[in-house]
Amino acid sequence: MSSKGDLSRCRNIGIMAHIDAGKTTTTERILFYTGKQNRIGEVHEGAASMDWMEQERERGITITSAATTCFWNDCRINIIDTPGHVDFTIEVERSLRVLDGAVAVFDGVAGVEPQSETVWRQADKYDVPRICFVNKMDRIGADFYACVDMIKDRLGAVPLVLQLPIGVDKSFVGVVDLVEMRSITWEEDSLGAKFNYGEIPSDLMEKAQDYRARLIESAVEMNDEAMNLYLDGGEISVPLLKSCIRSGVIGAKFVPVLCGSAFKNKGVQPLLDAVVDFLPSPSDVPTIEGASASDPQKAVTIKSSVDDKFVALAFKVMVDRFVGSLTFIRVYSGKLTGKSVVLNSAKGATESVGRILRMHANNREDISEIQAGDIAALAGLKKTTTGDTLCDQNFPVVLEKMDFPESVMEIAVEPVSTADQEKMGTALSRLVAEDPSLKVCVNSESGQTILKGMGELHLEIIVDRMKREFGVEASVGAPQVAYRETITKSAEIEYVHKKQTGGAGQFAKVNILFEPLPPGSGFEFENKITCGAIPKEYIPGVQSGLELVKETGMIAGFPVIDFKATLFDGAFHEVDSSPLAFELAAKGAFREMANKAGPVLLEPIMRVEIITPDEYMGDVIGDVNSRRGRVAEMQDRHNAKLITAFIPLGKMFGYVKDLRSMSQGRAQYSMYFARYERVPENAVDNVMKK
């Protein structure tokens, strides 16, 4: 931090948005204007420093979240640049989990787009205060005021306008600063490094006065002193106004909205000022709640203090070809020095910290110490995975784990040779450690290795990384939909596993109540055994059996989700019972339940947003209906129609080609996972045949 231990001069922020809204371009300008780098890296040239992977530079998109640190106005800003493509939403999720604030970037032409809504909801989930930056104001069709309306209508947010654009499209030259009531214009020959303050253009003065009055009216509600002064007709000073805005942002009462054009080098410095002035420091964030490692029911409060015991959360693991495994952590309290030993409370094991590294994308800087509020990477950890808590050995605490989305697509991969088989095992173990949304399993019938991920692009990148980084040559099957199964009725099952073949036998009796749960609940296991009907050392065998057997399905071999299993009674034999016997009994109970609990097949439903010229709307809607889709909403959008529909993922293969064909290449779409729904009876047979 700028002054050691001063948490108030630190900001941990993320840059988030829909793909192509300009997140990485904005981040590159931030790094240039703060002096972190002496040149501007352009995404379209494959030269953005934050997009360091080969695949990112080739495709011009961000795939993995990248961290860096810069300074502005004597404040340390730790920045995480996140992906905008829906297939890499896990990178946004785990970044927001450890950030104190965020900058949401919007395309000034497109406004609020599908992934904008997704990342906004993710930020809501973790109560992350944010400010908005309406980018690309130099583009033809950019509409700042329409974008503000969309932030209100589509995101349910309360926008607080702090700037107005000066000029439209190519004539965009700067902004009106409503807090200071002045204009800011940029000098193009300095790449935007130089800017000038001036008078507000006369044609914007009336609008500026109107918006400033609205700004003050909303802001003073955050401070009694300011409210009384306002009601008495007094002048609200700039420092008092900024203090009110800051309180409202931290309290999630509203979101400040600024504008500019990162690519044209306009608007970035005031955005940095807003980050420092309005987003919270680690000391502004409420205390973190954890649980005792020895007693999960006992709550533990962690304060953002350098002087308290060390507590941190591991939010990302990556493999560096030079230093091996790197574990990214956010420190919530205390300090950590190199060569320390810490407790991984999630694993119940100690870890030796080798080096502490400050990261700039994939570049590393050794540092001797980190403390509360810092984000850094640790080298040398062996057992830590994403979501684990690291803490002082004398303060065993567990922070809340992260939730990761269900995979919706899968592919089969087969190594070309025996040598590739060995390399593939190593590659996949490392990639799974890095990416919690990637799942790997082996098909019990075909013996094929199955990769499960968030979409076609996600899996395509994984296969490409196996080849480039690990030298694995593999044949890849066509993408398949990741169907699921669930139950619709409760069923109470009594099952006895008994086997006697001479010598030691096997005996286990279980009574399990199976119940359906709401969508998205996953699997829950509850032990209600009383009076020692089943010894406690056998209970894990029951849970393990259910965890294993639910992956084999009931109808078509797909994993079973959204149900609860309650073990409420049973029996054991002093000699013949064992954990294995109870595991087998649980599996038998599950298979018997499948015939009584109304099993059904589930399919992933995608939210699809299509922008099409009016003349093709009829064809597009007809095509949506033919794919078993449901049109949920239609809106006017810049001489076109925005159609929101929900369509089964299994019906979306090849859609990009079909949409281009029916619209002569003028329509476009984006989609992301919405939920799992029951497959209609008339479509079940088709799924079973696949």
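Placed from the backbone N, Cα and C atoms, the Cβ positions cover glycine too.
The domain 'tr-type G' feature in Swiss-Prot is assigned to 8-283.
Residues or ranges marked as GTP binding site by Swiss-Prot: 17-24, 81-85, 135-138. Within 10 Å of the C-beta of A17 (GTP binding site) there are 29 other C-beta atoms, taking all protein chains into account. Secondary structure at A17 (GTP binding site), as computed by DSSP, is strand.
The predicted model assigns the domain 'tr-type G' (8-283) a mean pLDDT of 87.
The C-beta environment of M137 (GTP binding site), restricted to residues of the same chain at least 6 apart in sequence and closer than 8 Å, consists of G108, F144, P165, V168, F172, C259, G260, S261, K266, G267. Ranking the binding-site residues D20, K23, T82 by other CB atoms within 10 A of the CB puts D20 at the bottom.
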